[in-house]
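Trainee: So that we are looking at the same thing, I have put the structure below in C-alpha cells.
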Amino acid sequence: MGVLESMKGAGLRPTTVSYNAVIDACGKGGVNLRFTLGYFRQMLKDGLCPDRKTFNSLLAACSRAGHLEDARAVFDEMIHLGIGRDIYTYNTFIDAICKCGNMELAMQVLLDMEAKSVKPNVVTYSTLIDGYSKLEKYEEALKLCEKMKSLRIQLDRVCYNTLLAIYVKTGKYAEIANVCDEMEELGIEKDTVTYNSLINGYGKQGRLDIVSILVQDMRKRGIAPSVLTYSTLIDIYSKAGMHGDAFNVYLDFKESGLKPDVVLFSSFIDTLAKNGLIEWALSLLNDMTEMGIKPNVVTYNAIIDAFGKSKVLMEDDPEVGDMGIVGVYGGQIVRITNPVPRGGRSATDVRMRSILTGWGKHSRIAGASTLRRVIETLLNSIGAPFQVERFNIGRFVSPSAVVAAWLRESGTVNILLLHDERVQQASPSCNLKIVVYHRCSD
C-alpha cells in the first residue's frame, strides 16, 4: 500500500497490476474490507479496467471478512463487465456463501458453474461438505461425499477430516476406522485436525488405550498438538476420573508455549471443583489470572459450587456458619453461598459473627487457608491493591497511598464496599456475605 502511494507521489501512474497486488495484499493481510473496496473504487476512478484477478482477490477478501452481500455484488459485477469466471472465482464465492450458512444459495451456484461448463473440483465439494457439516446437516454432507466418489473426484485431507468429525458427532465409530484405513491406503497423512477428531471420538468411546496410542503417534510423527488437542485430552481424562493424568496434560500444555483460552481453563476448573479438588482448581484459577485471562461466569460458578458443597471451608472456624462470598465483575455476579457448616448445623443453630461493618471497621475472622485463597483470588482478579491480613480474613490491608491512587485511577473507579448482613433467627435463608464490587464510573 505504501508503494502505491509512493508511486503516485513520484508522478507515476499505477497500473492494473499495481492495484491487483495491493487489493490481494489487503485481503490476505486481513485489512478492513472497506479499505480494500476503497482501492478498487480508486482503481476505477483512475480509469483502469479490473480483470479476473482483481475480482478474484476482492471475492477472497469478502469471504475472509464474512461479507456475503459484498461478495454477491462483486460476483454480479463480473457478469456486468463481461469478465469470465473460473473455478477459483466459483470456489471463492461458494466459500463466502457457506461461511454465512446459506447452503441453498451455495448449491444454486454449484448448478450454475456446471451449466457454464466450469467443472467443480475437490475444493468445491470439500467447501460444500464443510458448510453442511457446520450446520449439522450431516446427511446432505455425506451425500456430497458419495457424489464426489461417483464423479471420481479424489477426496483430500480436508474432506476426510470433515468426514471424521461427522462420524464422531454421530457416534459412527466403525466408520471412523474405515476412514482411517482409506486415508492410509491413499497415502494421505494425518494432521492435527485429524488427530483431534480421532482423539475426541475414541475418548467418547472410553477407549483410552487408543487415545494413548494416538498421542504417542502424534509425537512420533512430529505433529504439534493444538489448544483443542490439550482441551480434548483434559476433558477425556477428567471424565474418566483420571485427574492426575488430566493435570499432567495441563502441565505439558503450559510448557508448549501455546496461548491458552478461557474455555480450556473453565472446563478443567469445573471438573476439578466438582470432584472436590479445590486446591488444584484454585491453582488453575491463579494461573489463569497470571496469564491475563479473565475468568468468566462458568469459571467462578465452578469454584462457587465446589465451596458450596465443601466442609473444608469451615474447618478452622466452625462458628462462622452459613457464609457467602459474592463478587461482582463487570456486572456479572459470582457467589459462594451456603457452605455446609462443620457438623451439618443450620444457620439458626450457629452464632453469627460480624465480618465487616462499613469502611475500615473489621472483626476478627480466622478462616481456613482455602477460603483465604478464594478471597485473595477475587481481590486479585479485580486488580484491588489490598491483601488479606495474615491472621484475619475479614480485614483487608494496604498502604493508604496505594488505596488512594487506586480509587483515583482514570477511566475506572474501583470501589471496595464491605457490608455486614447478619443472619436473623427468623430468616435462616439469609447469608452473611463479603461483598466485593468492581464497577466503572458513569
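In case you wondered, yes, glycine gets a Cβ from its N, Cα and C as well.
The repeat 'PPR' annotation in TrEMBL covers 15-50, 51-85, 86-120, 121-155, 156-190, 191-225, 226-260, 261-295.
Set these features in their place in the structure for me.
Mentor: The average per-residue pLDDT of the prediction over the repeat 'PPR' (15-50) is 89, rounded to a whole number.
Residues 16, 19-20, 23-24, 26-28, 30, 33, 36-37, 40, 43, 92-93, 95-97, 99-100, 102, 113, 116, 118 of the same chain lie 6+ residues outside the repeat 'PPR' (51-85) yet bring a C-beta within less than 8 angstroms of a C-beta in it.
Within its own chain, the repeat 'PPR' (86-120) has Cβ neighbours under 8 Å at 52, 55-56, 59-60, 62-63, 66-68, 71, 75, 78, 127-128, 130-132, 134-135, 137, 140, 153, counting only residues six or more beyond its boundaries.
Tertiary neighbourhood of the repeat 'PPR' (121-155): same-chain residues 87, 90-91, 94-95, 97-99, 101, 103, 106-107, 110, 113, 162-163, 165-166, 169-170, 186, selected by CB-CB distance under 8 Å and a gap of 6+ residues from either end.
Residues 122, 125-126, 129-130, 133, 136, 138, 141-142, 145, 148, 197-198, 200-202, 204-205, 221, 223 of the same chain sit 6 or more residues outside the repeat 'PPR' (156-190) yet have a Cβ under 8 Å from a Cβ within it.
Nonlocal intrachain contacts for the repeat 'PPR' (191-225), taken as residues 6+ away from its ends with a CB within less than 8 angstroms of a stretch CB, comprise 157, 160-161, 164-165, 167-168, 171, 173, 176, 180, 183, 232-233, 235-237, 240, 242, 256.
Residue counts for the repeat 'PPR' (261-295) under DSSP (helix as H, G, I; strand as E, B; rest coil) come to 26 helix, 0 strand, 9 coil.
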Trainee: Write out how many residues of the repeat 'PPR' (226-260) are helix, how many strand and how many coil, based on DSSP.
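Mentor: Split into helix, strand and coil, the repeat 'PPR' (226-260) gives 27 helix, 0 strand, 8 coil.
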